[in-house]
Amino acid sequence: MAENGQPTGVYSASKDFIANAHVNAEQYAAMYAASVADPDAFWGAQGKRIDWIKDYSTVKNTSFDYGNVSIKWYEDGTLNVSANCIDRHMISRANQTAIIWEPDSPAAPAQHITYAQLLENTCRMANVLKAQGVEKGDRVVIYLPMIPEAAYAMLACARIGAIHSIVFAGFSPDALANRINDSEAKIVITADFAPRGGKKTALKSNTDQALLHCDDRVKCLVVKHTGDQTHWSAERDVDVKAEMAAARPYCPYVEMNAEDPLFILYTSGSTGKPKGVVHTSGGYLVYAAMTQQMTFDYQDGDVFWCTADVGWVTGHSYIIYGPLANGATTIMFEGVPTYPDAGRFWEVCAKHKVNQFYTAPTAIRSLMGMGPEWVDKHDLSSLRVLGSVGEPINPEAWNWYNTHVGKGKCPIVDTFWQTETGGHLITPLPGAIPQKPGSATKPFFGVKPVVLDPATATVQEATEADGVLCIADSWPGQMRTLWGDHARFEEAYFAQYRGYYFTGDGCRRDADGYYWITGRVDDVINVSGHRMGTAEVESALVAHPKVAESAVVGYPHDIKGQGIYAYVTLMNGVEPTDALRKELENWVRSEIGPIAKPDLIQWAPGLPKTRSGKIMRRILRKIAENDYGSLGDTSTLADPSVVDELINNRMNRG
Ligand code: WT7
């Protein structure tokens, strides 16, 4: 083990793997050099991997200049994303399975949806949307479980030029209402219930609550999935399945400009309300398709499984758009890794002969705790590449994944990227880049990472470097703006380090030029691979009538990666009780969703503030980490004694 606790090993794919891979080490080196030396030529050629209605005559037109940030790729080309993901495969793949849907209950049969069936169902859904008045440029919010209708809805929007915005089915009615309102959506598509892990979430009833806070004209399209009874509003609610059955089975696709928005996806920032990340059509699809093929070494006929939910960007790029643009067979899984038992992932891998398996470290850690016998029971010989995403993968989890799931023969691709980046930024290509456990390794084609000194904002030229991670130039999958707020977009990503896209992550580059992501350096925390703004949790807490003030930080958590630690100052005279603690946990759950529920709540009679009233989060983070011996300079605090009080009553003593 090296000093930093990482295994020092370097792992390469087998000779056989390398010989058959899309990209080997020499090809990576040559292609990477070409991609950064002449992006126009490189991406001009890569653009041809998708079908254009009108070909582009320019490739890259981008500026990272704060005040004038503008990102355009293939800007005079036209295309349709749905046609690229479906229609163009009709000649050679009409009867190939596009989507394997694996339901929550293993007792229910899986569905194999061919490209021909995907076309018909997408068209029917598109016709339903059109009948409801949805037009090009309109926003459609999708609040669905992991069911085939979610894929049909995404592709139907793309087909008619509507902009979808998926809200993860684990979000609360309030969070849903905020997203419907911010995007000014005309329609929300939901289901009666979302079964997961044998339990059911009442999506329709959540949507009913959300719509109380939205424009009366918003229509609600309901997929009757479980068939359980729900409230029904005759003038507002539409039975999607019935309408689809009655709709025409074909719907022409519309010609979209490369820079027309494809989707909005809300994600947490370090301040304020969630940000509506906007991705557009041409560049996004080229990038999603290329990364899906190369990062996972996807070969024709392979079965690809990304275990994410379509409510996150991972599901957009690596369940739907990337794989389908490549004519792949992609799995959509409705359930959870531990239902009905801790062998479910591996049972599904064996059942569908999965070749590439892509999941998050938090899932691996939770399964690791259940013992290897759950893996060993199943035949995993079809697996060829394993992927990891969402947070740095710790060496124990990496070793377990490699040994028990990959049997030592599957390269592990540790993919670093973000909602904002559309696709992988830093990742091994399995046949080209040897892995070091815990490192995302090297940049993807066209990506120019730089490590900056956060104090001086200067680029560190030496190979070995430590600092913050920025990207020096644009790539086609990059977000274009924040919905309705371009100024906030520039402020959030281009203001702090001028001329660069700032990821918000810390990073180390080792002597071999490998990148090691060290985690967020802003007030964003990463809970089970899900991003949470501490400011969002704080504003939920202070919305409670008994809470005067709150400060939220992350702390290391064995399974989740980071847990949510909330310091809460109560209103004068309110008694701090365990019952109140429960009440606040449930309050945050219902304000945002279960993923935002604080793991630890500490009653804080006072918070450490500077004389100007700014909370010193650095101190709160240290106490939450149970690392209070080195609090640094506290002399600028208005009342240094509050720190001792907080240390004495700290909740994390592990
Ligand atoms: C943040 C982005 C798009 C992937 C799903 C999460 C962290 C993501 C890795 C990785 C270390 C990672 C970063 C990043 N992250 N992948 N392989 N190694 N950290 O998307 O919700 O937009 O979160 O997740 O901190 O900034 P997201």
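Here the Cβ of each residue, glycine as well, is placed from N, Cα and C on the backbone.
Heads up, TrEMBL stuff is auto-annotated, nobody curated it.
The average pLDDT for the domain 'Acetyl-coenzyme A synthetase N-terminal' (28-85) in the predicted structure is 98. Sequence annotations record features per position, and here TrEMBL assigns domain 'Acetyl-coenzyme A synthetase N-terminal' to 28-85.
Annotated domain 'AMP-dependent synthetase/ligase' per TrEMBL: 95-474, in sequence order.
Other Cβ atoms within 10 Å of the Cβ of Gly197 (CoA binding site) number 15 in total over all chains. Feature annotation from TrEMBL assigns CoA binding site to Arg196, Gly197, Gly198, Lys199, Thr314, Ser528, Arg589.
DSSP assigns Gly390 (ATP binding site) to coil, not to a helix or a strand. Neighbours of Gly390 (ATP binding site), defined as other CB atoms within 10 A of its CB across all chains, total 23. Taken from TrEMBL, the feature ATP binding site applies to Gly390, Glu391, Pro392, Asp414, Thr415, Phe416, Trp417, Gln418, Thr419, Asp505, Arg520, Arg531.
The domain 'AMP-binding enzyme C-terminal' annotation in TrEMBL covers 536-614.
The Mg(2+) binding site feature in TrEMBL is assigned to Val542, His544, Val547. Val542 (Mg(2+) binding site): 14 other CB atoms within 10 A of its CB, across all protein chains. According to its DSSP assignment, Val542 (Mg(2+) binding site) is helical.
For Lys614 (N6-acetyllysine), applying a Cβ distance below 8 Å and a minimum sequence separation of six or more within one chain yields no residues. The N6-acetyllysine feature in TrEMBL is assigned to Lys614.
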Looking only at the binding-site residues Gly390, Thr419, Arg520, Val542, Gly198 (CoA binding site) has its closest CA neighbour at Gly390
Quick tally, other C-beta within 10 angstroms, Thr314, Thr419; top of the binding-site residues is Thr314
CB < 6 Å to ligand 1, subset of binding-site residues Gly197, Val542, Arg589, seq order -> none
Among Gly197, Lys199, Thr314, Val547, Arg589, i.e. the binding-site residues, the one with its Cα nearest that of Gly390 (ATP binding site) is Thr314
Sequence-ordered binding-site residues within 10 Å (Cα) of Thr314 (CoA binding site), taken from Pro392, Thr419, His544, are Thr419
Quick note, Pro392 (ATP binding site) and Lys199 (CoA binding site): C-alpha atoms separated, nearest Å, by 30
Candidates Trp417, Thr419, Arg520, His544, Val547 (binding-site residues); nearest Cα to Arg589 (CoA binding site) turns out to be His544
In three-state DSSP terms, Ser528 (CoA binding site) is classed as coil
Summed over the domain 'Acetyl-coenzyme A synthetase N-terminal' (28-85), the DSSP helix, strand and coil counts are 26 helix, 11 strand, 21 coil
